[in-house]
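What follows is a short report on a single structure.
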């Protein structure tokens, strides 16, 4: 037995000995360390780690303001201050609000929903490259990281939404049954964000430079997504625009999720301002990004430790 | 360093063919030793960006992006060959020490065994999932010790119930609460020794099939070190196989019955603790009495034909002598 079991020394191991090791491993049912699991197995592993994903997201969220005197109050204060700045610039100074009823709720909803997508993607880009220590120390399906960061942003958004409800009521928007639609809209947006984050996480792991470019790409995306202005009105005002501009602007996923939320929450935002088949669009983007991003991320699972 | 002269060949520079016998534990010996980790000619290479020399690294970076095919050195990416062609087989019930001077590739090899670092060439086969002892990376200094216990446990793959069950043990073992209710304070308020103790306690709370320890024994004060050594022995009893990286020859001697010596990424020696440590101490300028080189000097490395033939008899006997108490 011992004859077979000995390990050949490194350098010039003959082919026979090489087979020995592989055969020995096979005979005792050893598996290759660090091999990528199959897709269903990967999903199962990820599901098994759901408590870790949740705990990690919450921990990151609370750690964020733990040194501040006001503590978790900042969870609500930060988005409110953000909204105030945008109101000052776009509402008061630039006068974008012309013709938009309930401009403050319109703007604040847009800013919050956009921030959710933006921060998720930014965090996703650095999910692997910024946590190499964790990736090189512990075992878990790596998709747990981008998903966890998106979950953290979702929790952050829920704080913002609480503030948003106060703003809505303060500006005289009545509570309505349609507010329930916010939930499916958020679920779809979360799926979309998580999918894009996973794509960016893989790209960012290979090429950390992407994290430098993302703020510019995201800012451009924000300005074309109708966060502070109404795509609907822009199209109405400039009838000389080519006919494809409006549908393209409106089909952009960020615009779809923002407008869905406005439609759900603000009574003066009518269904006519939404593009056709808006729920289908929202679902399609979510599935495309969610499933595609997950598979794309999984394909490089075993390489993330390399950095 | 007089490299070539110190590259001696010990008759035992190959894996112990009867490892199960060395430990004197576990009933695995019945059907012969059971391998738990097999490294098959493993190479590990790091690539480091931003080492472009000469024309300034900005142009080097541009060059790199534009002309993908040029040599990696010219393009400013440097390869660091951290582990070269290392093969070994570890068996159930063994405690294996990894020694070598700084930067010799010990930790890198350990990470690859754990499947956390991809290998460049070769394969590593394992039985079950080897895990590194250490959760430092998952813990957050801004959270309380209590929340870190949960976070660390979840990160290691324990369930909430398991953590709840062991929570008190973890806290007691760490001794954090001996000087007041520190576990409910953020970890950033702990002294470095306290934090290290808590980290070790969390990491050691889980049982592992194959346990990889990277210099974890050197933390905390003397009494905690004793406790953690005892815990390592306990973990070792439950674990199939233990790997220990350490610069403390004493803790290697106390815990391990077999030692792999890595130097510059190459496996220089593999054998019973006493013999390898003796060579290693000579190599590093030894603590007590540097011994003259053994006679079998001509061969710089063990070769396949020499190793099996020479070593079986002495190995099995010397292996027994180093059996742990």
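Placement of Cβ uses the backbone N, Cα and C atoms for every residue, glycine included.
Note that TrEMBL annotation is computational and uncurated.
Residues or ranges marked as domain 'ABC transmembrane type-2' by TrEMBL: A:70-300.
Under the heading transmembrane segment, TrEMBL lists A:76-96 (among others). Remote same-chain partners of the transmembrane segment (A:76-96), defined as residues 6 or more beyond its termini with a Cβ less than 8 Å from a stretch Cβ, comprise 70, 103-104, 107-108, 111-112, 115, 156, 159-160, 162-163, 167, 228-229.
Listed by sequence, the residues of this chain that lie at least six past the ends of the transmembrane segment (A:103-121) yet keep a Cβ under 8 A from its Cβ atoms are 79, 82-83, 86-87, 90-91, 96-97, 149-150, 153-154, 156-157, 160-161, 164, 167-168, 171, 173, 189, 192-194, 196-197, 200, 214, 218, 222, 225-228, 230, 253-254, 257-258, 261-262, 265-266, 269. What TrEMBL lists as transmembrane segment is A:103-121 (among others).
Residues or ranges marked as transmembrane segment in TrEMBL: A:157-173 (among others).
For the transmembrane segment (A:179-201), the list of distant contacts is 113, 116-117, 120-121, 123-125, 127-128, 142-143, 145-147, 149-151, 153-154, 157, 161, 210, 214, 253, 257, 260-261, 263-265, 282-283, 285-294, 296-297: same-chain residues at least six beyond its ends, Cβ to Cβ under 8 Å. What TrEMBL lists as transmembrane segment is A:179-201 (among others).
The transmembrane segment annotation in TrEMBL covers A:278-298 (among others).
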